Amino acid sequence: MQGEDSQSARPPDADSDSDSESSCSSDDGTYAPFPFAVERVHLDISFNPGTTVVTNTMHISPAHPGQQLGSAAESCKQLVLDGKKLQLLEIHLDGKPLPPQAYTYNQRASKLTLHSVPSSSFELCIKSATHPEANTGLQGLFMRAGIYAAACEAMGFRRISFWPDRPDVLSRWTVRLEGDVAALPVLLSNGNMTAAGQLPGDRHYAAWEDPWPKPCYLFSAVAGKLSVHEGSHTIASSGKQVAVRIYTAPMYEGKRDFVLLSARAAMAWDEAMWGREYDLDGYAMAGVEGFLDDACETKGISLFHVHLLAVTPATHTDEEADESLRLIAHEYFHNFSGNRVTVRDWYQLTLKEGLTRFRDQAFAADYDAAASAAAAATCGTLGSSSGGSSSGLQQGQYEAALLQNIATMAQQMKTAAAEAAAAPAAVSSAPASAPAAPAAAGAVSGPAFPCSWHRVLEAQGIRRDQMPEDEGSLSHPIRPCCGTSLDNLYTDTVYDKGAEVVRMYHTILGHGRFYNGLQTFFQQHDGTAATCEDFCQAMFASSPLASLAPAMMRWYDTNGTPELTIRTTYSPAKQTLTLTVKQELETAKAPLLIPLKVGLIGPDGKDLLLHLMPATTGSSKHIKQAGNRKPSATMPSSSYTPTEVVTPGLCGSECCSMVLLLDSWSGSWVFSRLPEKPAVSLLRDFSAPVRLHVEGETDKSLGFLALHDSNPFARWDAVQRLMTRLLMRLYKVAERAAAGGESAIEAALAAAPGVPPALVAALQAALLNDELDGQYKALMLQLPGVMELVPQMDEPDPELLWMVKVHVGLQLARQLQPQLEQLVQQCDSKLAAAGEAAVGFWPPAVKLRAARNAALGLLSYMEDRQLQQQLLQRYYSANCMTDRLAALELLADEDTPARSAALAHFHDTYRQQPSVLHKWLYVQAASDIEGNVENVRALMRHASFDITDPAAVSALLGGFSDSMVNFHAEDGSGYAFMADAVIEVDRVNPIAAADLAECLADWDMLDEEHQQLMKAQLRRLAGTKGLSADVREIVEDALEEDSSDDSTD
Ligand SMILES: [Zn+2]
């Protein structure tokens, strides 16, 4: 499943009477298996306006037949099923009606108890009714815009029928759907369609069979007036054709090409990279309006919010297209990591989500490389318009080359993996570090998993969204402990930090062993529900590193971000450098296993060969070579290389990066043959989700790395650390002047030492480097976000921090103005030369737009009147949504006539397209213009805001919480408004409301004044009558933090 963003993605179970039940199922929170097996189920759903009737026939047997359990056997005679807000019509057991005294339906507890069932196999048939049209919570069966859809993860199925609603009860399913032929011409469910036909009274039916056992959360049904867009994927080994179908409302016809290509690429990649061949006749994706989550991976038919399936350059930005690509792939990849092997209980959620997120990240990076090479090979500099607006010969060639590239890259990776795993002692030579010059067909021979701008984006996401979660009142490990409400499981920690943990296995084991481990995992657990331990065991099976498994498992159960303190000592006499690394984490009972990828850089800026002394001290255990490539002059060029464990001191002759494995509190490593003191490049590729403290770090030392580090992540990180140091220095200056008011703060900031020359030099070099990827340049130009800095500081004032950030942005813009303007001009002319071709999601154009728009973003700190006019001009003349929205966002931050004109034009232009207008809502809500809270309050009453659509709620109200100035306003108006909004949304959709409430939960990171204001609103919410359990839990958890703080004071 994939949420709106992971923070707002919580499992669909959310009425005021929330099921806070743990799926561990026993009273003490430990896991207990379900005492029955449901081998087969036949579900019959009859859609009728207002009331849908569901008949569920289950073939049940004791889970452990023949086992004499004594008193436990007694309890097994009782069968307890989940069923929520259902109208129970009939129960038959083995064909006979069950008398009312034989069962109890406790509506409050959502439990149906059959007091005594046979001790051998039996058939249970339950008929019930549900009301999808009235279901605004959007879990279970609901109807939006005339389309019925069923979304069940995590606990929605109990709203459709009575069932043991837990992920470890797997059954084989057949489904029959029946409805009015005119209103519901398309009837879809899981698996393969086995029959369809007409019925009397203008009705028809479709029968579906899923050959693979699955738990109920993977059930889905979709019915309505849907138009299909179809393509196919050919399984390489067998030549079998799999139909790939996208279903949406007819209004989205002609807008689904990009998604079809994405899905086909994902299928080709998963097959070639991991040997995962698709297992049904067809794969479908269905788009639903107003879906609670972005998507979910129900078997054979994934459900998406429709804005993710109809993706065109005219309605979607390049970033949105990239996100859609990743989500399309994510849900498809779940077919194996999630569906064929599912989770034993919901606390193991990261098993499927962390692994699948890792897989979608690796895919997205490969897709970027494959698409770039395909564009270069088939379109040259003229390009082709991809994304649906044209389907000419060039477009066909581009798509074919892209698909071929992606399969070739993946295939090469698999071959390399097999070789590496077969010959563990070999130190393989590196493949070309950048996609090789494209052959005629545009094939790339480059490696998969490059450390590209995607990796930087992922690291940035961890710092911006996940690490603050680690510090906040809702901090939890990637596998939360039993007792945590299921509603709090779908978080950035479970998804994104979970993906980092999977990536660490990959870094530690190398691709060959990781590949083998994953195959073992899939083979051992196919058709079952597994745990995180199962995954770890499979990964380390037959690995010489198996003794590290316990330290690795600690990542699953320890919350918080580990901090690494790094000390380097250089000895000119011995020509050695000693690297001492200490790990600290308050919540850790024992040390975690941390892979730290490092490199050394000589005074000439070139990577040095690494020579590690055999007798490393401390508790270092294992040294591993990674990336034994030659230093490369161009960026970003670092690439993943299959890695091998090597004996300390026996590093390969070309080894320029190494992974040091720290599995104790501290360790040290000595590098030799260093006649001059080198610079140390740390945490290359963001090899672990940790924070670094480097002793003796200076602007000068960081400036050197920012100019010379060959690793794209490490170079970007050096720039970020330079920016962070500056922001924190100036914050102290501002804080001292704060008593004197705004003008005193501005004067103090103006008088303080400004942007260090090292930072300016690094950014200038990046801006003028033609070989640097445009999306990477854009990331280089971004200042760290305020909420990313807050957890690293001592309870700062967010408004003051924002002022400091604006000051730094202005200084940077002034100093870099010539280079920024030059970059804008260069990109403009290249895009103009490409003409129409530049409009689509064509990689060269995407990269030019990213760099150009980031440069404009930095320039806009100057609040130049001329620039405002230029932005308005850019807004009107934009030929794609990326450019139009980029201009609108910059215009929206200043209260000018240009702002009003552009906003009005945007609304008029897209008024027929609600999901495009979500951008219009977001841009206004997140704006930093003064006193914006009243505008946002008014927007809540605007005809274009639909409170029943969670995506609209997230755009408007989530957007408002992104404005540091208005959400954190010192008069408390932002928090008060948010509390009002939470109450209002809660009446419609408790899960969406709980997501909003989370932005009020982390008061304890802020300064005293803001703490008091936020807590006042939390207390007001706590005292509100009729609040849903979901919101109440967030509020009470946040206030509990308060009382525990008080008690320790
Ligand atoms: Zn997922």
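Cβ coordinates come from backbone N, Cα and C, glycine included.
Per TrEMBL, the stretch carrying the note region 'Disordered' among 557-577, 620-640 is 620-640. Per-residue confidence over the domain 'Peptidase M1 alanyl aminopeptidase C-terminal' (700-1039) averages out at a pLDDT of 95.
When the domain 'Peptidase M1 membrane alanine aminopeptidase' (263-366) is classified with DSSP, helix, strand and coil residues number 52 helix, 18 strand, 34 coil. The helix, strand and coil residue counts that DSSP assigns across the domain 'Aminopeptidase N-like N-terminal' (74-218) are 15 helix, 75 strand, 55 coil.
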